[in-house]
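> Swiss-Prot lists 49-307 with the feature domain 'Protein kinase', giving sequence analysis as the kind of evidence. Sequence annotations record features per position, and here Swiss-Prot assigns active site, proton acceptor to 173. Annotation comment: Swiss-Prot describes 350-385 as domain 'EF-hand 1', evidence class sequence analysis. For 469, 471, 473, 475, 480, the entry in Swiss-Prot reads Ca(2+) 4 binding site, with the evidence type sequence analysis.
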């Protein structure tokens with residue numbers, strides 16, 4: 001990942017006469033890490049809450065179930081390791097996230113913050129528990145939905161955008177995964193979560209740091225001069241996916257996706273669009289106008305007939321093929337992650353000899369794991385000129401559990417070149433690992449065993465099979481497995497197995513999408 005040429009943390013160009021950012025940033029030393037994230041000492045989170053089971057693993061922290069000691073109420077606690085915060089700007093990012101959650105806490109469709117706590121190792125954000133699951137998962141589980149249902153969802157999503165903008169907040173990472181239902185009840189409200197990339201802004205402010213998630217990022221973000229209009233584009237992408245099951249602009253690589261976003265044609269003609277109402281298509285067009293000055297504002301979206309008038313959005317079920325595509329799109333391909341790790345650990349001593357010695361040299365305390373500081377110091381000793389964000393990206397590609405350390409196998413998976421991982425004998429070796437009975441096929445039972453070995457839970461095994469199973473026989477043969485491993489690796493896939501559609505880097509979040517405009521703007525190869 002190449003750092004942006006501008007200084008880290010400088011991402012905004014002020015319009016003439018624009019005032020200072022509100023609220024003011026944390027008072028901190030101008031260099032190095034500040035003493036704390038929060039501007040005041042806090043109680044220990046465990047004095048007020050019992051921390052329970054892990055609910056989820058994000059890129060920036062781990063979320064746990066917690067129970068309030070006074071009231072017995074259930075909440076979510078997001079714990080962010082402070083060792084992941086490398087500099088003053090990272091500390092400010094976390095503090096800003098907390099401020100923004102408080103700032104928006106009265107909105108009925110924003111997850112409500114309960115409080116923030118800090119100790120020597122973590123910042124803990126306690127918030128409302130949303131136990132109803134992600135937006136797309138609910139739709140897929142239900143098995144059918146209508147344009148009218150999609151209109152209600154978009155009304156909620158864009159209502160959050162309008163609420164943010166009216167309070168001087170830009171979300172900057174709107175995507176379906178960041179919307180959760182409050183409970184499993186049929187009428188549970190949809191809530192926006194994860195304000196880790198959000199910023200305060202004033203009218204006229206322009207930003208230049210490239211953040212977000214590939215399918216949902218607006219073209220002006222890629223061009224590094226944007227404002228709150230970018231949130232409306234992202235909401236428009238969600239609407240497009242709700243209506244047809246796939247993103248409007250897609251390709252096999254990140255750079256290909258970005259090229260399509262900048263100049264690809266918006267398809268509103270092929271199936272299922274002929275059966276979608278003209279009013280819905282009109283709204284999609286106006287939310288996905290590349291010129292942000294001509295794009296609908298959030299308020300204009302909420303005033304559109306398709307949103308306002310229940311009679312305009314048809315109540316007939318949307319084609320079941322859309323639901324099927326939506327299911328596949330939203331299912332994460334965990335199989336590839338596991339396979340990359342298997343290959344990395346089975347390579348020959350000759351291929352990994354240098355890396356093995358490097359690992360030993362970096363692991364100064366011979367613990368069998370390396371920390372960020374050990375990695376940074378070790379690379380410096382061998383003359384590496386990697387910048388801190390690049391070292392952190394290397395670390396984080398392997399540190400899947402946010403433990404702050406990586407073991408030998410993880411180190412290999414994160415540092416080996418993709419061409420070694422793709423060699424035929426290595427693919428055969430990885431396939432054999434999953435094909436426990438040597439039948440020549442990976443079955444759903446064998447996948448289940450592998451997931452258990454890798455500590456993966458809540459995995460949709462059927463979807464993992466379907467993502468790869470080209471001939472629809474319910475299992476994965478070698479040719480299908482090899483095609484999956486080679487798919488999408490051109491143009492900067494990383495050997496750590498982090499999917500190209502997985503959003504931003506780690507806590508050092510600015511300029512986190514690997515955007516090379518020269519690469520994006522080159523002529524299409526097809």
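Numbers here mean position along the shown chain, with the first residue as 1.
Every residue gets a Cβ built from N, Cα and C, even glycine.
Small disclaimer: the values here were computed from a predicted structure and weren't measured.
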> Radius 10 Å, atoms counted are CB only; among the recorded positions 173, 469, 473, 480, which position scores highest?
173
> Same-chain residues six or more away whose CB lies under 8 A from the CB of residue 471 (Ca(2+) 4 binding site)?
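Long-range Cβ contacts: 477, 480.
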> In the predicted model, what is the mean pLDDT computed over the domain 'EF-hand 1' (350-385)?
70
> What is the interatomic distance between the Cα atoms of residue 475 (Ca(2+) 4 binding site) and residue 173 (active site, proton acceptor), given in whole Å?
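So the Cα of residue 173 (active site, proton acceptor) lies 35 Å away from that of residue 475 (Ca(2+) 4 binding site).
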> So, in DSSP terms, is the residue listed as 'active site, proton acceptor' helix, strand, or coil?
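For the residue listed as 'active site, proton acceptor' - judged by DSSP and reduced to three states - the answer is coil.
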> Starting from the Cβ centroid of 469, 471, 473, 475, 480, the recorded Ca(2+) 4 site, name every other residue in that chain with its Cβ within 8 Å, sequence order please.
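The answer, listed by sequence position, is 441, 465, 468, 470, 472, 474, 476, 477.
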> Is residue 480 (Ca(2+) 4 binding site) helix, strand or coil when read with DSSP?
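In the DSSP reduction, residue 480 (Ca(2+) 4 binding site) maps to helix.
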> Roughly how many Å separate the Cα of residue 469 (Ca(2+) 4 binding site) from that of residue 173 (active site, proton acceptor), to the nearest whole number?
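On Cα coordinates alone, these residues lie 31 Å apart.
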